Amino acid sequence: MKIAIAGASGRMGRMLIEAVLNDADAQLVGALDRAGSPFLGQDAGAFLGKDTGVKLTDDLDAVFAQAEYLIDFTRPEGTMAHVEAALRHDVKLVIGTTGFTAEQKADLQAAAARIGIVFAANMSVGVNVTLKLLEFAAKHFSHGYDIEIIEAHHRHKVDAPSGTALMMGEAVAGALGRSLDDCAVYGRHGVTGERDPSSIGFAAVRGGDIVGDHTVLFAGIGERIEITHKSSSRVSYAQGALRAVRFLSARGAGLFDMQDVLGLR
């Protein structure tokens, strides 16, 4: 599997590079970084003390010409440029970027008519199994329970609520036969009035080096149930991304997510 990594100098990019280098079936063939990055020209394995022969570059076409797959955990504007390059070079994509607009998501859907794409806000096996637990719980706590989602991430995260929190909200709303767009409440301030019993609330915490904590609270009268997933390392995301690459190796064009990759549908 000839794999290139986008955002190669970032926290997630470095974890992905390490995972690829440690996988006997994978070959690192490219490492992309943003224009102007001080790491351009550096060996992709330098932070591991390894010489890979792959230099960080901002030349999209040079990298895509070598790759079969690109793993991308960057930002929406960068990812959309990578999608265009992938279409030019027929490269399959594993996308863990969050914060897309509705229009950008539509563009991803259109691109998937020509290339294979796994798009998931969280590639952890644990998170995706948690989504199934939430669907089950929501069906049994559909009456008399208020639903709130609380997430916490490191101080550098730029979007809120997290993509994973939104996935959890969509899983719960879908199980209840609702649209998240119609029932989500993002943060509260001032005099908000009494809680709408059909709403799903979101709260976001940012601080320190928190990798990612997510709790879905079902609060009833006399009891409350909390379903929590905590990430202590980005290793789980990197391993999930490699599972997604293997999944795409046996697939043609189409838009998939980790529920497809893990056979949880």
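Note: Cβ is positioned from N, Cα and C throughout, glycine not excepted.
Per Swiss-Prot, these features apply:
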{"type": "ACT_SITE", "residues": "His153", "note": "active site, proton donor/acceptor"}
{"type": "ACT_SITE", "residues": "Lys157", "note": "active site, proton donor"}
{"type": "BINDING", "residues": "Gly7, Ala8, Ser9, Gly10, Arg11, Met12, Asp33, Gly96, Thr97, Thr98, Ala120, Ala121, Asn122, Met123", "note": "NAD(+) binding site"}
{"type": "BINDING", "residues": "Arg34", "note": "NADP(+) binding site"}
{"type": "BINDING", "residues": "His154, Gly163, Thr164", "note": "(S)-2,3,4,5-tetrahydrodipicolinate binding site"}
Maximum Cα-Cα separation (Å), residues Gly7, Ala8, Ser9, Gly10, Arg11, Met12, Asp33, Gly96, Thr97, Thr98, Ala120, Ala121, Asn122, Met123 listed as binding NAD(+): 21
Spatial neighbours, same chain, of Ala120 (NAD(+) binding site) - Cβ under 8 Å, 6+ residues apart: Ile95, Gly96, Asn128, Met167, Gly240, Ala244, Asp257, Met258, Val261
From Gly7, Ser9, Asp33, Thr97, Asn122: binding-site residues whose CA lies within 10 A of Thr164 ((S)-2,3,4,5-tetrahydrodipicolinate binding site): Asn122
Top Cα neighbour of Thr97 (NAD(+) binding site) in the set of recorded positions Arg34, His153, His154, Lys157, Gly163: Gly163
Which of Ser9, Thr97, Asn122, Thr164, all binding-site residues, has a Cβ with the fewest other Cβ atoms inside 10 Å: Ser9
For the binding-site residues Arg11, Arg34, the one whose C-beta sees the most other C-beta atoms within 10 angstroms: Arg34
